[in-house]
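What Swiss-Prot says about this one:
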- Gly8, Ala9, Ser10, Gly11, Lys12, Met13, Gly87, Thr88, Thr89, Ala111, Thr112, Asn113, Met114: NAD(+) binding site (BINDING)
- His143: active site, proton donor/acceptor (ACT_SITE)
- His144, Gly153, Thr154: (S)-2,3,4,5-tetrahydrodipicolinate binding site (BINDING)
- Lys147: active site, proton donor (ACT_SITE)
Amino acid sequence: MINIGIHGASGKMGQMIINCLKDSKDAKLTALYTIEPLGSVPEGVIVTDDLNELFANCDVVIDFTIKEGALNLINYARTNPKPLVIGTTGLGDDGTNLLNLAANAMPILYATNMSLGVAVLNRLASLAAKTLAEFDIEIVEQHHRHKKDAPSGTALTLAQHAANARGLNLKDVIVTGRDGLVGARSKDEIAVLAVRGGDVVGRHTIGFYNEGEFIEINHTATSRATFAKGAIKAAVWLSSQKNGLYSIYDCLGL
């Protein structure tokens, strides 16, 4: 049984992880970090706005915050090593560089999406992108109206898998919007388009289009619980790993 600390306990994902930990046989909640008031808290769980106290009362920290919060956590952990599961998206190149540096001192699992279904979707996308080399690739992602980053980290990861499968640099071929007289689509272009509205938890579709036929592969999340359970599984797995930067594929053995 490992002790879990949550960084970003007042957020939607933090609250979902708290709820899912109630039924876990492998992990228990021991500490919550938040700068905002919380409602009811399980008995015996420490609530704090001090990273020192958070780290002192758990074996693994799970982070679902915003870019600034996640980077601050990772920087702190560089001198106070603790296994970290980072689920915050939109970290950018500076965040990626920091993750690689910090992973020399502790095990870190970083994933833009913690669901098993999305992990398989990425593998299928790689296979299709390589096999269907003449097909055009378009990605559409849909999320609730409150999501702050676009395109989603999951969609960008999906695009990265497709680009890698074709030996392309994603930065050279990605298109995140079209407007006006843009001309014909280029051969290597990978479009990633974002839809925002309502309470959509998450829906990602990658399409492969050719003359006479097309294939679309879709993943729809109907509850944040799928991400929460994935993060808990990742935390349990990470607790016994050596220093290094890991992905959800390492955890799932994919």
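One-based numbering along the chain as shown.
Cβ atoms are placed via backbone N, Cα and C, with glycine included.
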Among Gly8, Gly87, Gly153 [binding-site residues], residue with fewest other Cβ within 10 Å: Gly153
For the (S)-2,3,4,5-tetrahydrodipicolinate site built from His144, Gly153, Thr154, further residues of that chain with CB within 8 A of the site's CB center: Thr89, Thr112, Asn113, Glu141, His143, Lys147, Asp149, Ser152, Ala155, Gly202
Sparsest-packed of the listed binding-site residues (Ser10, Thr89, Thr112, Thr154) - C-beta count within 10 angstroms: Ser10
Densest Cβ neighbourhood among Lys12, His143, His144, Lys147 (recorded positions), 10 Å radius: His143
Pairwise Cα distance maximum in Å, NAD(+)-binding residues per record: Gly8, Ala9, Ser10, Gly11, Lys12, Met13, Gly87, Thr88, Thr89, Ala111, Thr112, Asn113, Met114: 20
By Cα-Cα distance, the member of recorded positions His143, Lys147, Thr154 nearest Thr89 (NAD(+) binding site): Thr154
Cα-proximity to Thr112 (NAD(+) binding site), 10 Å cut-off, over recorded positions His143, His144, Lys147, Gly153, Thr154: Gly153, Thr154
For Met114 (NAD(+) binding site), nearby residues of its own chain (Cβ under 8 Å, 6 or more apart in sequence): Gly87, Thr226, Phe227, Ala228, Lys229, Gly230, Ala231, Ala234, Ile248
Pairwise Cα distance for Lys12 (NAD(+) binding site)/Lys147 (active site, proton donor) [Å, integer]: 11
Cα proximity to Thr154 ((S)-2,3,4,5-tetrahydrodipicolinate binding site), best match among recorded positions Gly8, Ser10, His143: His143
